[in-house]
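Participant: Structure incoming, see below.
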Amino acid sequence: MQQEEIIEGYYGASKGLKKSGIYAKLDFLQSATGLILALFMIAHMFLVSSILISDEAMYKVAKFFEGSLFLKAGEPAIVSVVAAGIILILVAHAFLALRKFPINYRQYKVFKTHKHLMKHGDTSLWFIQALTGFAMFFLASIHLFVMLTEPESIGPHGSSYRFVTQNFWLLYIFLLFAVELHGSIGLYRLAIKWGWFKNVSIQGLRKVKWAMSVFFIVLGLCTYGAYIKKGLENKENGIKTMQEAIEADGKFHKE
């Protein structure tokens, strides 16, 4: 290892005592990956909530993202590619964010004391973001792996079958709150950090943040209920396997 690299590793500065730019670059990458994931979360919620319109609407949305505009029957592998990309971004964002986590009990106690003494709203929001981010890394990874390996199962019958019969309802209720809280807090903190809305006060941004949280959680719960209802209907209609659920979705396809 070069002497300059050793100095930079210990002190965060180059040989000439110039502040290393690596930390700023890592911070930018963390912000960029977080923004991509937050925007994906917003788009994803609107897409899956299409089941609130109708089963056919949800099926058409699923097929659209399989490239049905260009391929007559759609290609589920396209969804797998997107899922793989999101997994990579999620992992990168998680590792970048870990730099700022308390790494031992002593650091955690320092943070807890600081949080208690400051009684600052944004410090509390960071703590919520850290907890939800930790949970989301594991919960979202399971969901994304299913999307990666079983993209053909996405549809009103297939997705609701996974909800009820495969018992994914338990994972999804925790994932819903983790994603919506983490994402809205993240966008709020990014807006302050990078000065995106300089004409809006911090109080105004907080109101927008809480409005986003409430809106997407309510939308998510309504969507969650719709998939549960559809999953129970699947059972009543005698759909016993995922393959049968996929075949039921196929009836929406128009030649």
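Just so it is clear, glycine is given a Cβ too, placed from its N, Cα and C backbone atoms.
Annotated heme b bD binding site per Swiss-Prot: HIS44, HIS143, in sequence order, evidence recorded as similarity to another entry. Positions annotated as heme b bP binding site by Swiss-Prot: HIS93, HIS182. Residues or ranges marked as transmembrane segment by Swiss-Prot on the basis of sequence analysis: 33-53, 78-98, 126-146, 168-188, 208-228.
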Participant: Which of 33-53, 78-98, 126-146, 208-228 has the most Cβ pairs closer than 8 Å to the transmembrane segment (168-188)?
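Facilitator: Per the Cβ count, the answer is 126-146.
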Participant: Pick out which of the binding-site residues HIS44, HIS143 has the most other Cβ atoms within 10 Å of its own Cβ.
Facilitator: HIS143
Participant: Quick one: pull the CA-CA distance for HIS44 (heme b bD binding site) versus HIS93 (heme b bP binding site), whole Å only.
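Facilitator: Here the two Cα atoms lie 18 Å apart.
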Participant: So for HIS182 (heme b bP binding site), how many other CB atoms are inside 10 Å of its CB?
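Facilitator: Taking every protein chain into account, the count is 25.
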Participant: Between the Cα atoms of HIS182 (heme b bP binding site) and HIS143 (heme b bD binding site), what distance do you get, rounded to the nearest Å?
Facilitator: 17
Participant: Counting every protein chain present, what is the number of Cβ atoms, excluding its own, within 10 Å of the Cβ of HIS93 (heme b bP binding site)?
Facilitator: 22
